[in-house]
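*Asks:* The structure follows.
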Amino acid sequence: MEAGGVADSLLSGACVLFTLGMFSTGLSDLRHMRMTRRVDNVQFLPFLTTDVNNLSWLSYGTLKGDWTLIVVNAVGAVLQSLYILVYLHYCPRKHAVLLQTAALLGVLLLGFGYFWLLVPNVEARLQQLGLFCSVFTISMYLSPLADLAKIIQSKSTQSLSFSLTIATLLTSASWTLYGFRLSDPYIMVPNLPGILTSLIRLWLFWKYPQEQDRNYQLLQT
């Protein structure tokens with residue numbers, strides 16, 4: 001196998017490994033819900049938006065014939081759907097959660113109907129679907145910026161997950177390189193904000209260590 005083929009295989013493997021590792025961080029929430037039979041401190045919206053994101057990229061990967069995208073997002077969609085079902089099972093206010101789910105799935109179905117029925121040209125469909133996936137992914141990466149501002153104000157990183165931050169950084173970096181390797185801006189560009197926000201989180205962990213937060217809380221008590 002040529003050096004370029006080996007590099008592509010390694011990069012593809014890194015994308016799969018790091019992304020599935022990031023998706024699996026939700027298993028701790030799943031375990032918490034099953035053990036306590038409650039959804040306290042577990043956020044539902046990230047499960048839902050990630051599931052929609054996975055299904056969108058799965059469609060893009062299928063249209064493009066990219067098995068790295070297909071495998072990662074198929075497994076991701078299954079995991080996120082599992083998290084959603086467990087959340088629904090233990091959530092006391094199912095009506096609001098079902099409304100959010102129905103609204104996002106409705107938007108997703110309308111989008112699929114548009115791309116697959118009203119855009120007959122495959123190349124145009126690929127470009128428009130890639131643009132949609134890119135914008136959705138960028139919005140997901142930038143949405144926590146308001147929370148980061150609150151962390152700077154409170155000078156506490158207790159609400160941040162260090163393992164998720166590392167997983168997001170590795171995942172975003174690998175997909176950025178993968179998109180660059182394929183000359184696909186729809187894959188490369190939306191992962192750049194993921195690198196940026198992860199680096200900001202790492203700086204916050206350095207600036208406000210969690211051990212320091214615990215000591216401060218003990219002093220306050």
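Any Cβ shown, glycine's included, is placed from N, Cα and C.
Residues or ranges marked as transmembrane segment in TrEMBL: 6-23, 69-90, 97-117, 129-148, 160-180, 186-206.
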*Asks:* Where else in the chain does the transmembrane segment (160-180) make close Cβ contacts, counting only residues six or more beyond its ends and a cut-off under 8 Å?
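*Replies:* Here the qualifying positions are 11-12, 14-15, 18-19, 21-22, 25, 68, 141, 151, 186-189, 191-195, 197-199, 201-202, 204-205, 210.
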*Asks:* Checking distant contacts: for the transmembrane segment (6-23), what same-chain residues at least six beyond its ends satisfy Cβ-Cβ under 8 A?
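*Replies:* Hits for the transmembrane segment (6-23): 50, 68, 71-72, 75-76, 79-80, 164, 167-168, 170-171, 174-175, 177-178, 181.
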*Asks:* Determine which residues of the chain contact the transmembrane segment (97-117) at the Cβ level, with the cut-off under 8 Å and only residues 6 or more beyond its ends counted.
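*Replies:* For the transmembrane segment (97-117), the list is 44-45, 48-49, 52, 55-56, 59, 84, 87-88, 91, 125, 128-129, 132.
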